[in-house]
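Shown next, in structure tokens, is the structure this report addresses.
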Amino acid sequence: MIWHVQNENFILDSTRIFMKAFHLLLFNGSFIFPECILIFGLILLLMIDLTSDQKDRPWFYFISSTSLVISITALLFRWREEPIISFSGNFQTNNFNEIFQFLILLCSTLCIPLSVEYIECTEMAITEFLLFVLTATLGGMFLCGANDLITIFVALECFSLCSYLLSGYTKRDLRSNEATMKYLLMGGASSSILVYGFSWLYGLSGGEIELQEIVNGLINTQMYNSPGISIALIFITVGLGFKLSLAPFHQWTPDVYEGSPTPVVAFLSVTSKVAALALATRILDIPFYFSSNEWHLLLEILAILSMILGNLLAITQTSMKRMLAYSSIGQIGYVIIGIIVGDSNDGYASMITYMLFYISMNLGTFACIVLFGLRTGTDNIRDYAGLYMKDPFLALSLALCLLSLGGLPPLAGFFGKLYLFWCGWQAGLYFLVSIGLLTSVLSIYYYLKIIKLLMTGRNQEITPYVRNYRRSPLRSNNSIELSMTVCVIASTILGISMNPILAIAQDTLF
């Protein structure tokens, strides 16, 4: 009898919880319509995988790409709407969050074509790969709009877990397994450190979890200038440093870049940074509003270390992917300048603009590496020697993307860095901008060294990989070249038409 009553109570409680969740989704679902499109795409992928055979593989790419494009369209239609807080304060919709969501969707849309031929050559399971990519995208989008500590952590872990699975997707590759283990351990440690910092915020604010309510709670408890806030700031900054690959928390990055499948590295190299930047900007600017001087100093130190170490270590690399790993550490150091400047002097606008340019430059470079790797099977920088003689289009595309990463005019990277450094200079960050300029010149050296190899015509320097180089006959390589062409064009001309981009970026205020 007692068991029967307890069972009835359990059913009633479960029904109430379900009805409450259904009510929230029914009345708040329109606020996460782009995310709902991705969820529908995920369900559709699973259904087709269960009911079809391998002959329907093109449908998997079509459904994934279409759901991403429709999600971008839905996001653009919602642009300039009034800021809304939904799901009982757990999720916020505003221009600032939406532009980061747009960048994540753009990254995923460009990355899927890069994976087509790679998956066919390595015989990877296509459905699971696309499911992980879409789920990671979904986690990144929720992270951009998360408005409380719990939602932030859940969305961050959703993105991180999919990243770990993608990193170790080629299970037979020992380097991939090693990279995954390092990524998992370092990612788990960084998440623990981040959550420990969150627990300090929760306690000091009197039990608040919403970002704005944490500020009000700190004022009410008079803890906004206490030593506990400094402890929370240190732990959260360290956790964010791992997620952003800031020096000295960058140790996992080169190994993960080198060991993971190249399309996965392309995806993680941009989406993880965009999502982490969205989190860092909001978590530092809102709860730590009263500690701005302290976190500005911390970020300045990390930015300087990242710019110097990243670019110095990139010079000595022999692997193209490891070189790009260290280059990305230096690049994120430049972006941090925009966070430090903040809303004043268009700091956030410069950060968003540079990230848009960085997406095109970085993905364009990785598209070239994917094509070269599939046709030669090597990742060594020396093996690129003389590529221009065999494939001028690929060599020129890679050269343009590398020059744009280095910041040479008139490419997009130059205008992005110019605007970023100008905003930093206007804000009085003279030393930081000077370091950025010096390390940018340093980065041009190792990019030009690779370009010189690409264009060399001396037979003694050309390796057997390029001598035996053949364009792939597979029809699917057109998708990689299409994505590469889009990125190369964007890396070349986006900087010339910066005014509309800046106008949009300047609208992304809290």
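Cβ coordinates come from backbone N, Cα and C, glycine included.
According to Swiss-Prot, the transmembrane segment annotation covers 31-51 (among others).
Same-chain residues lying 6 or more positions outside the transmembrane segment (59-79) and placing a CB less than 8 Å from one of its CB atoms are 33-35, 37-38, 40-41, 44-45, 48-49, 52, 93, 95, 98, 101-102, 105-106, 108-109, 112-113, 116, 126-127, 130, 133-134, 137, 479. Summarising the annotation, Swiss-Prot assigns transmembrane segment to 59-79 (among others) and lists sequence analysis as the type of evidence.
A Cβ distance under 8 Å defines the sequence-distant neighbours of the transmembrane segment (99-119), meaning residues of its chain 6+ beyond its ends; these are 34, 61, 64-65, 68-69, 71-72, 75-76, 126, 129-130, 133-134, 136-137, 140-141, 144-145, 261-263, 266-267, 270-271, 274-275, 277-278, 352, 355-356, 359, 363, 366-367, 370, 374, 472, 474, 476-477, 479-480, 482-483, 486-487, 504-505, 508. Per Swiss-Prot, the feature transmembrane segment maps to 99-119 (among others); the stated evidence is sequence analysis.
The annotation transmembrane segment is assigned in Swiss-Prot to 124-144 (among others) on the grounds of sequence analysis. Sequence-distant contacts of the transmembrane segment (124-144), counting only residues of its own chain at least 6 positions beyond either end whose CB sits under 8 Å from a CB of the stretch, comprise 34-35, 38-39, 41-42, 45-46, 49, 57, 60-61, 64, 67-68, 91, 97-98, 100-101, 104-105, 108, 111-112, 115, 118, 151-152, 154-160, 162-163, 165-166, 169-170, 261, 267, 271, 274-275, 278-279.
Residues or ranges marked as transmembrane segment in Swiss-Prot: 149-169 (among others).
Long-range neighbours of the transmembrane segment (184-204) within the same chain, counting only residues 6 or more positions beyond its ends whose Cβ lies under 8 Å from a Cβ of the stretch, are 149, 152-153, 156-157, 160, 163-164, 214, 217-218, 221, 223, 226, 228-229, 231-243, 249, 251-252, 287. Look at Swiss-Prot and you will find 184-204 (among others) tagged as transmembrane segment, backed by sequence analysis.
The transmembrane segment annotation in Swiss-Prot covers 229-249 (among others).
Residues or ranges marked as transmembrane segment in Swiss-Prot (evidence: sequence analysis): 261-281 (among others). Residues 96-97, 100, 103-104, 107-108, 111, 114-115, 118-119, 122, 124, 133, 136-137, 139-140, 143-144, 146, 152, 156, 159, 163, 166-167, 169-170, 176, 240, 243-245, 321, 324, 328, 332, 335, 339, 348, 351, 355, 358-359, 362-363, 366-367, 369-370, 373 of the same chain lie 6 or more positions beyond the ends of the transmembrane segment (261-281) yet place their CB under 8 Å from a CB of it.
Remote same-chain residues near the transmembrane segment (323-343) are listed as 244-247, 250, 253-254, 256-258, 269, 273, 277, 280-281, 284-285, 292, 296, 299-300, 302-307, 309-311, 313-314, 317, 349-352, 354-355, 358, 362, 365-366, 369, 381, 405, 417, 420-421, 423-424, 426-427, 429, 432-433, 436, 439-440, 443, 446, 450, 509-510 (criterion: CB distance under 8 Å, separation of at least six residues from the stretch ends). The transmembrane segment annotation in Swiss-Prot covers 323-343 (among others).
Sequence-remote contacts of a segment are chain residues at least 6 beyond its ends whose Cβ falls under 8 Å from one of its Cβ atoms, and for the transmembrane segment (395-415) they are 327, 331, 357-358, 360-362, 364-365, 367-369, 372, 384, 387-388, 440, 443-444, 447-448, 450-451, 454-455, 484-485, 487-488, 490-496, 498. Annotated transmembrane segment per Swiss-Prot: 395-415 (among others), in sequence order.
Positions annotated as transmembrane segment by Swiss-Prot: 418-438 (among others).
Residues or ranges marked as transmembrane segment in Swiss-Prot: 484-504 (among others).
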